[in-house]
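Visitor: According to Swiss-Prot, the record shows the following:
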COMPBIAS  28-72  compositional bias 'Low complexity'
DISULFID  C92-C109  disulfide bond
DISULFID  C256-C318  disulfide bond
DISULFID  C357-C416  disulfide bond
DISULFID  C361-C390  disulfide bond
CARBOHYD  N60  N-linked glycosylation site
CARBOHYD  N61  N-linked glycosylation site
CARBOHYD  N66  N-linked glycosylation site
CARBOHYD  N67  N-linked glycosylation site
CARBOHYD  N72  N-linked glycosylation site
CARBOHYD  N108  N-linked glycosylation site
CARBOHYD  N116  N-linked glycosylation site
CARBOHYD  N147  N-linked glycosylation site
CARBOHYD  N220  N-linked glycosylation site
CARBOHYD  N225  N-linked glycosylation site
CARBOHYD  N286  N-linked glycosylation site
REGION    28-88  region 'Disordered'
SIGNAL    1-32  signal peptide
Amino acid sequence: MGLVNIMRFITFAYIICGGFILTRTSGTSASASPATPTTNTGEGTSSPVTPTYTTSTDSNNSTATNNSTDVNGTEATPTPSHPHSHENTITCTNSLISVPYYTSVTINCSTTVSVNHSEYRLEIHLNQRTPFSDTPPGDQENYVNHNATKDQTLLLFSTAHSSAKSRRVGQLGVIPDRLPKRQLFNLPAHTNGGTNFPLNIKSIDWRTAGVYVWYLFAKNGSLINSTSVTVLTYNAPLMDLSVHPSLKGENHRAVCVVASYFPHNSVKLRWYKNAKEVDFTKYVTNASSVWVDGLITRISTVSIPADPDEEYPPSLRCSIEWYRDEVSFSRMAKAGTPSVFVAPTVSVNVEDGAAVCTAECVPSNGVFVSWVVNDHLPGVPSQDVTTGVCSSHPGLVNMRSSRPLSEENGEREYNCIIEGYPDGLPMFSDSVVYDASPIVEDMPVLTGIIAVTCGAAALALVVLITAVCFYCSKPSQVPYKKADF
């Protein structure tokens, strides 16, 4: 009896211990299982968070659900779906590449799964875009780019397009534009079961800059995974300043040229007069142009009225800020002072068988007289002399130049031109017409002879008339005979 009770007690204790051990084991397993992440919905409750996977992102933050086209306009629409596995991923060595213009770039991307044509399809797309299209840091450029194509998505490569099929769907990896058709990319090889899909871009420019996206699709067309690489390019501007000479009292003018830069809208330009910023809306005009290579050239012209109270011409400075990207920029500036000239007074006369040119208020150095006769440069040298100082403008002088008249018959135009002034100023000149024909030269002598002859004839006529009148005024006498006495 006692033995039976002891056996029952041992059995009961064994059952209790076994249940306790099972309970501890279940609790430990439950505590070790991963909890579902939650997020606050903003209403005091939490909801589970479903893991998401990044697809593609273009300049407008669009995903892989956007339609894309190949070079022939055929739509290729990736179908979004949840990834089949966390391990079926695409990795690239870089997610952002920024290189100088015309640089060759290779993007190395690989998959963790062998892309068998019977199970998967891999595609490479290019989302063309222009940097700073949303919030450009530079000035707005007023030009029309006839070369550029609209931002679009292009299909560059697909493992579903074998060499035999590619002849039917068109050539991939070629961007249509006004330039001659040429291969811009070295595309991956069509290898069944491959894992490496490098893309070589032969030249990064306005056509090939953008977001490149690698898509991995399942056999049924659902999207498994994707990754994107943003490729940016830049080209530093060349700057030149030309300050134009001006006449006293006229506007001061200067032209600033910022050439061959990229990206678009990446240059901020300002003008300064003696370190004071110039009003852009009143005194500055701008023009921009884009060349066939996609680089931009900007021409800015400033024209400021002369201040009569200023003793000296002002300093004009063109300053630019060029933004290579959203965070990197550099400054450049050039300055110059315009040369101000007094307009000379030029006159030409004929004196003593020579054409004489007088120029008043000209610079004492670098200025000379050039003669042109009937639009031809004469072979006869001229004689230039300084006759004195300009009374109205100290520091300037008066000049006199003469040259013999032509001995040829007919009219001749003698044009006196003051040379030596810089380009950009008007031409200072004067002219006179002289006829050297013999009939014209003998006319004064003939006129004198005729005048003397007429005078002598008139005098003789007067004497004759006077004599006749005197004779007629005497009393008449009757003749007599000697016999009458």
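Using N, Cα and C of the backbone, Cβ positions are placed for all residues, glycine too.
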Visitor: How many Å separate the Cα atoms of N225 (N-linked glycosylation site) and N108 (N-linked glycosylation site)?
Guide: 17
Visitor: I'd like to know which of the glycosylation sites N116, N220, N225, N286 has the most other Cβ atoms within 10 Å of its Cβ.
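Guide: Top count of Cβ atoms within 10 Å goes to N225.
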Visitor: Can you tell which of the disulfide-bonded residues (C109, C318) has the fewest other C-beta atoms within 10 angstroms of its C-beta?
Guide: C109
Visitor: Where does N220 (N-linked glycosylation site) sit by DSSP, helix, strand or coil?
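Guide: N220 (N-linked glycosylation site) sits in coil per DSSP, no helix or strand.
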Visitor: Can you give me the Cα-Cα distance between C416 (disulfide bond) and C256 (disulfide bond) in Å, rounded to a whole number?
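Guide: Given the Cα positions, C416 (disulfide bond) is 35 Å from C256 (disulfide bond).
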Visitor: I'm trying to understand the geometry here, so how far is the Cα atom of C109 (disulfide bond) from the Cα atom of N116 (N-linked glycosylation site), in Å to the nearest whole number?
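Guide: With the alpha carbons as reference points, the distance is 17 Å.
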Visitor: Of C92, C357, the disulfide-bonded residues given in the record, which has the fewest other CB atoms within 10 A of its CB?
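Guide: Among the disulfide-bonded residues C92, C357, the lowest count of other Cβ atoms within 10 Å belongs to C92.
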Visitor: Considering only the recorded positions N116, C256, C357, C361, which residue has the minimal Cα-Cα separation from N220 (N-linked glycosylation site)?
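Guide: So, spelling it out, the nearest of the recorded positions is N116.
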